[in-house]
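S.K.: Provided herewith is a single structure, encoded as structure tokens, for subsequent inquiry.
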């Protein structure tokens, strides 16, 4: 009879040992999923986070962390809207608390601008962000090459602060964190009962998912603290996102490119495009270049899988493939993944009691 | 033709520049001089956060509303220029919060994107049930005043670091026209009971995650006596002190406590902010801005003063409109002198 090592008094379970859960991946998805699992299963399982990379070396650290959703063609809009709403609500509460500065969460207002009026449709998330409305003619004068725009206020999750804050919350919830490269999910079958696969672009190799592909993004992080508003071209390619200590200038969308090293020509191109939207950026200092590979897929892979070899089994929950929209939906997909983990736990307990008959 | 501007705050320097812009080509023998006992960063203007925003009501003073508008539009013109950063000029969005519905302000169509706050936005500010959102401009004087100074120096304007004791002192040195931009101490040159200090105190903190200005209003206590948070390019200014008749330029521990507690209640995340500096200053408050000509003396020794002071807590907001109005008054004077010389 084993007792689970949790914060609450141990619950003796004569049928089985406390399920051992491993979350693989310590980017935004791994950390937030592990946290949600810990929050909804406070009494009954041990959770370990395994990852080769941690902040500041994850894909999430490259992203600006803006809550502006990306649309997944393979997921119903009402689901995406639910994910975004849950994420926005969660972060909104943090932004309004004393934790905001440590968590790196802050409100930011700005504009999404379009050269082509047909692109300026009202998006599905317009009623979730704050104060969404079309830009006035006076506001558009700042952008002479653009004819339409939308103004709104949304949230930004600055990384590394947000990821470090999540790590801290994990430790407070009794989650063990280990640096480890997992080459094959099956290698975990003897130590863990349930594995949650949050490996992002790494899933391509780890589980051989051919539907997952990188969309390379290069960004600049610059010192320009007078830039207080975001500006995003509706084509998604050019954007200026002011963060706590730097402004993220972007970007690129290069499908199927695995190149992690920065390209100097691209750097100049990004800088020029952003300066044309915000000329004061000419005076930006301390330009750093970063590259991230968006783990892109037509829809996020959120599903259970059972791996088995011989008589042994390993229950897997996949939560990867968030592409350009990870920050916007992370809490919502973490919630769903945590439910899938609960289903796995129930399945283990069910088969365990059946085994006793 | 020697013109002396007294005062090197935002009003003095911008008036000098406007005058030079307008007349240096028309009046070849124009000599412009700036006299002040305090220069940046020691002027009242330097202590202001730099947010362009007039008071809530113009009390029917359409002239001042027009000057505010002219200033906003003048600054907007520089926004996309390479000068903007050096000027300390940038766009900023933010919130004005109230405990009850209020009429829209005179400046609602001057700022960008003015609208009422939604219920969800008001959730951010417990205790406030009504408010506005808009995008306005910041003009940080610790950058703007040096920028103005450089432009003036480049054009050969002379600066004199000394306290002017009287208008007569200027005229006896051969100054033809004095532009009086002496702010709160205008009374030392010519008594003016309408001019009173409205003391303010601010705390500068490091809070780079704050991207919006937040100005709260208490309709009973009056303007700027309710907490406000204004993020600058480097520091965030916390304030909420407006004490009429208080000449004390020293920081008060009680005011510090009041600002800190009220601002942290407004924005809990400020509790973690590092305090960098504290400052007090005297807003040159007056029922209306004194912007007018005055002739001193008579006959051949008649000399002209153009007064441009009493801009209260909205000097930055109104400065360029006033500079242009002062320049127009100077134009009248120059025209009269020209006609006189023909007689």
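The backbone N, Cα and C atoms fix where each Cβ goes, glycine too.
Whatever TrEMBL says is automated annotation, not expert-curated.
Pulled from TrEMBL, these are the listed features:
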- B:37-38, B:44-45, B:49-51, B:164, B:182, B:312-317: FAD binding site (BINDING)
- B:53, B:217: D-dopa binding site (BINDING)
- B:228, B:283, B:313: D-serine binding site (BINDING)
- B:2-329: domain 'FAD dependent oxidoreductase' (DOMAIN)
S.K.: Fewest other Cβ atoms within 10 Å: which of the binding-site residues B:313, B:315 wins that one? Let me know.
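M.R.: Each of the binding-site residues B:313, B:315 was scored by Cβ atoms within 10 Å; lowest is B:313.
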S.K.: Rounded to the nearest Å, what's the C-alpha distance separating residue B:182 (FAD binding site) and residue B:283 (D-serine binding site)? Just drop the number here, would you?
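M.R.: A Cα-Cα distance of 12 Å.
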S.K.: For the binding-site residues B:44, B:317, which one has the sparsest Cβ surroundings, going by other Cβ atoms within 10 Å?
M.R.: B:44
S.K.: Looking only at the domain 'FAD dependent oxidoreductase' (B:2-329), report the model's average pLDDT.
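M.R.: 96, rounded to a whole number.
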S.K.: With an 8 Å cut-off on Cβ-Cβ distance and a minimum sequence separation of at least 6, pull the same-chain contacts of residue B:51 (FAD binding site), or say none.
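M.R.: Long-range Cβ contacts: B:92, B:136, B:137, B:138, B:213, B:215, B:230, B:316.
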S.K.: Taking the recorded D-serine site as B:228, B:283, B:313, identify the other residues of that chain whose CB atom sits within 8 Å of the mean position of the site's CB atoms, giving them in sequence order.
M.R.: B:48, B:198, B:200, B:223, B:224, B:239, B:242, B:312, B:314
S.K.: So which one is it: of the binding-site residues B:217, B:283, which has the fewest other Cβ atoms within 10 Å?
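M.R.: If we count Cβ atoms within 10 Å for the binding-site residues B:217, B:283, the smallest count is at B:217.
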S.K.: Write down the Cα-Cα distance for residue B:217 (D-dopa binding site) and residue B:315 (FAD binding site), rounded and given in Å.
M.R.: 19
S.K.: Looking at the binding-site residues B:37, B:44, B:317, whose Cα is closest in space to that of residue B:283 (D-serine binding site)?
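M.R.: Its closest listed neighbour, by Cα, is B:44.
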S.K.: I need the nearest neighbour of residue B:53 (D-dopa binding site) among the binding-site residues B:37, B:228, B:317, using C-alpha distances.
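M.R.: Among B:37, B:228, B:317, B:317.
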S.K.: DSSP secondary structure for residue B:283 (D-serine binding site), reduced to helix/strand/coil, please.
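M.R.: Reduced to three states, the DSSP call for residue B:283 (D-serine binding site) is strand.
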S.K.: Have a look at the binding-site residues (B:53, B:182) and report the one with the fewest Cβ neighbours inside 10 Å.
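M.R.: Per-residue Cβ counts within 10 Å for the binding-site residues B:53, B:182 bottom out at B:53.
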S.K.: Are there residues of the same chain, six or more positions away from residue B:49 (FAD binding site), whose CB falls under 8 angstroms from its CB, and which are they?
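M.R.: Residue B:49 (FAD binding site) has long-range Cβ partners B:138, B:140, B:202, B:230, B:232, B:237, B:239.
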S.K.: What is the one among the binding-site residues B:37, B:228 whose Cβ has the most other Cβ atoms less than or equal to 10 Å away?
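M.R.: When each Cβ's neighbours within 10 Å are tallied, B:228 leads.
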S.K.: Does DSSP put residue B:51 (FAD binding site) in a helix, in a strand, or in coil?
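M.R.: DSSP call for residue B:51 (FAD binding site): strand.
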S.K.: Near residue B:228 (D-serine binding site) in space, meaning Cα within 10 angstroms, which of the binding-site residues do we find among B:37, B:44, B:217, B:313, B:317?
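M.R.: Final answer, ordered: B:217.
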S.K.: For the D-serine site made of B:228, B:283, B:313, how many Å separate the two farthest Cα atoms?
M.R.: 16
